[in-house]
Amino acid sequence: MACHSALAAVPSSRLHFYAPRPPLSTSVCPFQTALLGQPLRIYSSGASIAAAASPRSMVVVAATKKAVAVLKGTSQVDGVVTLVQEDDGPTTVNVRITGLTPGLHGFHLHEYGDTTNGCISTGSHFNPNKLTHGAPMDVVRHAGDLGNIVANVDGLAEATIVDDQIPLSGSNSVVGRAFVVHELEDDLGKGGHELSLTTGNAGGRLACGVVGLTPV
């Protein structure tokens, strides 16, 4: 009997799929299934079907997360910050801010995404480990210490920062917190000023923006 005829002759209520090898006493005929792409055998004695599907390799795809912050302030300073993180790797931050005075400006991630009182209500630097202020490459630093960005003669600052302390998920996620660009250069905790180990003595807050997730 043809294989498709054999299958049709078996009541659907008696069809069973199983993995073990068939008994030697059963008669078999090959049947190709498009579902598995593997040969099936149909067993007339037990009206059962055994599939010998080979193991399939599993491909793990990295989970990409993206976020954005739009910076606004009372001055003419504004900008956009985008963040991308692949799986649990470091976060890549792309910064573009206009309206700055030429030179260095402190750039930090602050604890709160609260801008009800302008940039003042964003709180202190994001500091889950309760450390003192430092440079981005220092072991002792705030997680939100991202150093300085440099504005050109036209007041434009563009930078790419890669950092492993500002993830987009988990207990220390930066989503809902705020980026702030400052008036002055950040002394990276080494200026000897009374504010060096807290703010880097970076001066006033020119513009800020809350981090929010975006479609990938």
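Even glycines carry a Cβ here, placed using N, Cα and C.
So that you can see what the record holds, here are the features copied from Swiss-Prot:
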- 1-62: transit peptide (TRANSIT)
- His108, His110, His125, His182: Cu cation binding site (BINDING)
- Cys119-Cys208: disulfide bond (DISULFID)
- His125, His133, His142, Asp145: Zn(2+) binding site (BINDING)
Helix, strand or coil by DSSP: which one applies to His108 (Cu cation binding site)? strand
Within 10 angstroms of the C-beta of His133 (Zn(2+) binding site), what count of other C-beta atoms is obtained when all protein chains are considered? 27
Cα within 10 Å of His133 (Zn(2+) binding site) is the criterion; apply it to the recorded positions His108, His110, Cys119, His125, His182, Cys208 and give the hits in sequence order. His125
Including all protein chains displayed, how many Cβ atoms other than that of His142 (Zn(2+) binding site) lie within 10 Å of its Cβ? 28
List the Cα distance (Å, whole number) between His108 (Cu cation binding site) and Asp145 (Zn(2+) binding site). 5
Closest by Cα to Cys208 (disulfide bond), out of the binding-site residues His110, His125, His142, is His110
His125 (Cu cation binding site) to His142 (Zn(2+) binding site) - Cα separation in whole Å: 7
Rank the disulfide-bonded residues Cys119, Cys208 by the number of other Cβ atoms within 10 Å of each Cβ and report the first-ranked residue. Cys208
Name the one residue among Cys119, His142, Asp145 whose Cα is closest in three-dimensional space to that of His182 (Cu cation binding site); these are the recorded positions. Cys119
His125 (Cu cation binding site), DSSP three-state class -> strand
